[in-house]
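For reference, the structure is listed below as structure tokens.
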Amino acid sequence: MAKKILIVDDEVHIKMLLEQTLEELEDEFEVDLYTASDGEEGLEFIRSKRPDLVFLDIMMPKMNGYEVCRIIKDDASLKDVKIILLTAKGQEVDRKQGLELGAMMYMTKPFDPDEILRVSKELLEL
Amino acid sequence: MAAIKGMSLFKKTGLIAFCLFGVIASATSAMTAWTLYGLMTREYVSKGTAIAQSIAGASQEILLNRDAATVQSVIDQYLEIEGVAYVFVVDGDGLVVSHTFVPEFPPMLHDVRGLKHEIAVSSLDIPPHGAVIDICAPVLAGLAGFVHVGMGKELIMAYFWEVVLKMQILLFFIFWGCVGILYLVMRRISRPLGQLTDYARKLAAHDFSAAIDIRTRDELEVLGRAMMSMGQELALLFSEMENEVGKATADLRDHMAYLAAIIDNLADGLLVVDVTGAVSVINPAMREFFDLGDTPCKGRSPARLFPVEVTGLADRIRRCTTEVLSAEIPLARGRTGKAVGSTIFAETPGRQCLGGVLLVRDITREKELDQLKTDFISTVSHELRTPMTSVLGFSKIIRNKLERYVFPLLAGDRGVEKPIGQVRGNMDIIVAEAERLTELINDVLDIARMEAGEVQWRDENVPVAGVLRQSVEATRGLWQAKGLAVEIDVGDDLPPVRGDHDRLVQVVVNLLSNAVKFTEVGPIRCSAEREGGFVRVSVRDNGAGIDRADLRMVFDKFKQVGDTLTGKPEGSGLGLPICRQIVERHGGSIWVESEPGRGSVFTFTIPLAEDEARAGEGDAEPSCRAPEGGEVPDARTRTSPLVLVVDDDPALIEYLSQVFEERGYAVCEAANGPDAVATARSVLPDLITMDIMMPGMDGHEVIARLRALPETRAIPILVITALGGAEGEAGDMALVKPVDDATVIRAAESLLRGQACGGACIVLGGRECDLNGMRVLCSGEVTFATAEEFWPLVEDGFRGTVFISSEVVGGMELERLSALGGVSVVILPPFACKG
């Protein structure tokens with residue numbers, strides 16, 4: 001079964017950047033890429049499609065990344081969803097909070113596309 | 001009489017004259033009386049002789065006939081002659097023929113015998129006739145008997161006394177006559193003298209209106225005139241001086257009013273404390289800053305008026321410190337102030353401390369602005385990150401895709417090779433610049449976070465060798481690109497330090513990239529070694545070096561030293577400030593030594609992991625004991641001062657420890673430089689005694705290290721050195737070995753308290769030496785001497801303390817001086833003596 005990656009970000013360019021970065025996986029390992037533009041949409045997608053990996057921005061309209069993270073972790077049925085918080089909030093408290101809420105990783109923008117690719121492969125065990 | 005009383009000159013001369021006159025009078029009368037007595041006696045003798053011979057000659061027959069009645073009648077008539085006391089005649093057998101004694105012949109005269117051939121004179125005392133001169137004349141060579149005539153001496157004495165009396169009366173009158181004349185003469189002299197005296201007294205009392213009227217036509221009149229003109233000169237000078245003083249006073253008053261107005265209208269708060277620590281000046285702004293209203297402040301202790309931060313500063317600046325201290329202090333109503341304090345010195349010989357002055361500026365607004373700036377930087381950097389993400393990310397993707405998909409398709413087409421090369425190069429530039437921009441943003445955020453204390457530190461035991469290797473690896477691209485080599489020099493047994501691994505790597509990477517940036521040739525050396533409780537890491541390059549003036553600034557934020565207009569600045573200017581933040585957060589310190597054109601050495605220290613520090617140092621564990629043998633309480637709770645004794649000679653450590661312990665001090669010991677630094681940091685002693693010549697890290701270096709660390713910077717250091725020139729310069733005071741316990745204790749006390757008490761002392765090297773902090777070693781008698789004047793003083797038996805300015809210490813025979821008993825040597829630090 002094809003692995004699913006969800007990108008949740010309100011910034012169109014970042015979404016595009018991530019998409020283009022991860023396209024390689026799509027081609028090579030038949031990973032499916034999905035995107036969402038805000039927290040609510042992202043949460044809805046996670047609940048319905050259960051992606052394997054989520055790149056989640058924190059500052060987003062409607063629902064922020066922390067909330068999405070918390071809700072997912074509170075939902076036992078979604079415990080396998082791996083979340084990488086990918087955000088411009090680089091402060092230590094933010095990182096701490098994110099990791100406490102159950103994110104697998106906390107990455108800060110600007111990111112290196114190669115690093116994203118490497119981490120994704122690792123987490124998806126590809 | 002009053003005039004005589006006033007004339008002490010007359011009294012003195014009178015007394016002398018009286019004595020002199022008495023002696024003369026007595027001698028004259030005695031001489032005269034004696035002469036008169038002699039004359040009269042001779043006259044009586046000759047008179048008596050004449051009478052006796054006359055009787056003897058005229059009466060031979062009568063005597064021979066023994067006609068007593070006739071004899072009687074003859075001799076009776078001689079009684080009428082003045083001075084004749086008696087006449088009597090004895091026959092040849094010694095029987096009285098007749099006599100003039102009535103009623104009876106004195107029996108003692110029976111034995112008075114005459115001489116046969118001549119007249120005999122003898123003095124007799126015949127009661128009741130008194131003293132007489134008996135003249136005995138023989139009649140017919142004694143055959144017919146003898147005639148005795150007695151001349152009474154009473155008359156002689158009566159004459160004698162009469163003459164003496166008359167003479168005394170005459171002399172008495174002459175004496176008083178002389179006294180009168182003397183008085184008149186004296187009065188003539190002493191009146192003008194009195195006038196001169198009065199005049200001088202009036203001058204002394206600043207009464208210049210008095211006049212002298214002496215018309216004696218002699219020297220006194222000249223003197224009087226001279227004094228008058230002198231008085232007039234003085235009056236003139238005085239009035240000029242009064243005018244000047246008046247003017248100066250008015251100026252001073254104006255000046256004071258001007259100063260007071262300035263002080264009162266200063267926007268900054270001003271507080272001046274005197275040497276005792278009491279408030280001497282405070283301005284309205286200061287009152288307002290601390291909500292003091294009209295509270296009387298002058299003469300009160302700052303502790304009663306201000307928060308502890310101000311009190312602490314005030315206390316430090318009133319001591320003779322040359323440092324300028326600054327601190328952020330809380331003001332009333334939640335505001336924040338920046339206080340800058342320094343000691344006030346009187347520009348007199350010895351540079352006496354007068355107290356301290358503290359200026360406080362309300363920086364609440366600046367703080368808010370600073371916060372605003374930090375927030376702004378934080379927000380902007382944050383906002384920059386998102387577009388930077390796109391720029392960097394897409395650039396990399398574009399570059400990858402071009403490399404992977406586009407360029408291979410175009411390969412072989414000779415027309416596009418050049419554009420492909422350009423596109424590739426341009427893409428690299430975009431990526432590199434985007435990375436540089438990202439680095440800047442990260443640096444800005446990093447330092448903003450560190451300053452806000454928002455950084456989380458993951459402390460663990462970190463092997464320094466690993467940190468260095470990782471850092472060198474991380475910068476490989478940089479140094480290889482410039483063709484430089486990086487050498488790592490780390491001992492195998494270097495213990496781990498306690499810290500945040502990534503942050504330590506960040507520091508070394510930063511130092512390495514800086515070194516690479518400014519170095520063109522030659523290796524960059526990266527070394528680490530153990531130093532007491534620390535690991536000391538150095539990055540040494542042979543690059544451009546840093547100007548002396550810039551050395552202090554390299555750790556300042558956004559300061560890129562050198563000419564930033566001609567030399568293109570590279571980097572954000574935040575790297576070193578970040579390094580400093582990181583190192584200081586770890587409890588270490590970072591500094592740079594550099595020489596323009598010859599390279600720089602950046603060095604930082606990081607404390608060893610605790611268990612390592614203890615295990616590795618063995619005796620570096622603070623070796624301390626309280627005087628009563630218990631444990632030494634920590635710096636905040638201890639009551640007796642704690643002294644750290646540093647010396648590599650165990651015997652001297654033991655001696656000094658005993659000296660201090662006997663006086664009730666707690667003592668810690670350290671036998672080498674690294675131990676000394678580690679112990680000083682952990683126990684924070686009140687005083688350190690420092691040997692200079694020690695193996696490994698010498699005393700100078702230890703002092704430099706202690707001065708560099710914020711917590712040990714203010715600890716007074718007493719250098720106790722074997723010998724030498726400027727050995728004492730680094731400390732606060734230096735004693736030359738051998739030392740005696742009293743001197744050590746006095747020096748220690750003076751450093752601990754900075755107060756005055758007592759020993760004679762000589763200051764060598766001029767008057768301009770400040771003994772204030774060392775007064776405790778002197779009893780107030782301070783002799784200033786040059787080197788030439790000095791040895792004679794010592795040879796004259798001087799015993800006490802000799803202060804030698806470090807500037808002249810080289811010219812002194814210290815060995816000879818130290819060998820003297822009872823002489824202690826203190827080398828003054830260079831700042832204590834001017835010029």
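Numbering starts at 1 and runs along the chain as it is shown here.
Here the Cβ of each residue, glycine as well, is placed from N, Cα and C on the backbone.
All TrEMBL annotations are machine predictions without curation.
If you look up TrEMBL, you'll see B:131-151 (among others) marked as transmembrane segment. If one looks beyond the transmembrane segment (B:131-151) by at least 6 residues along the same chain, the residues whose Cβ comes under 8 Å of a Cβ in the stretch are 41, 44-45, 47-49, 51-53, 55-56, 59-60, 63-64, 75, 78, 83-92, 97, 109, 112-125.
When Cβ-Cβ distances below 8 Å are used as the criterion, the transmembrane segment (B:163-186) is approached by residues 4, 7, 9-10, 13-14, 17-18, 21, 25, 28-29, 32-33, 36 of the same chain, each at least six residues removed from its ends. Marked as transmembrane segment by TrEMBL: B:163-186 (among others).
Annotation source TrEMBL lists domain 'HAMP' at B:187-239. Across the domain 'HAMP' (B:187-239), DSSP helix (H, G, I), strand (E, B) and coil residues number 39 helix, 0 strand, 14 coil.
According to TrEMBL, the feature domain 'PAS' maps to B:255-301.
Positions annotated as domain 'Histidine kinase' by TrEMBL: B:379-610. In the predicted structure, the domain 'Histidine kinase' (B:379-610) carries a mean pLDDT of 82.
Feature annotation from TrEMBL assigns region 'Disordered' to B:614-635.
The domain 'Response regulatory' annotation in TrEMBL covers B:642-752.
In this structure, B:ASP691 (4-aspartylphosphate) belongs to neither helix nor strand by DSSP; it is coil. What TrEMBL lists as 4-aspartylphosphate is B:ASP691.
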Checked against DSSP, the composition of the domain 'Response regulatory' (B:642-752) is 50 helix, 23 strand, 38 coil
Quick note, B:ASP691 (4-aspartylphosphate): same-chain residues at least 6 apart with CB under 8 Å of its CB -> B:VAL646, B:ASP647, B:ASP648, B:ASP649, B:LEU652, B:GLY699, B:VAL719, B:ILE720, B:THR721, B:ALA722
DSSP tally for the domain 'PAS' (B:255-301), helix/strand/coil in that order, comes to 17 helix, 10 strand, 20 coil
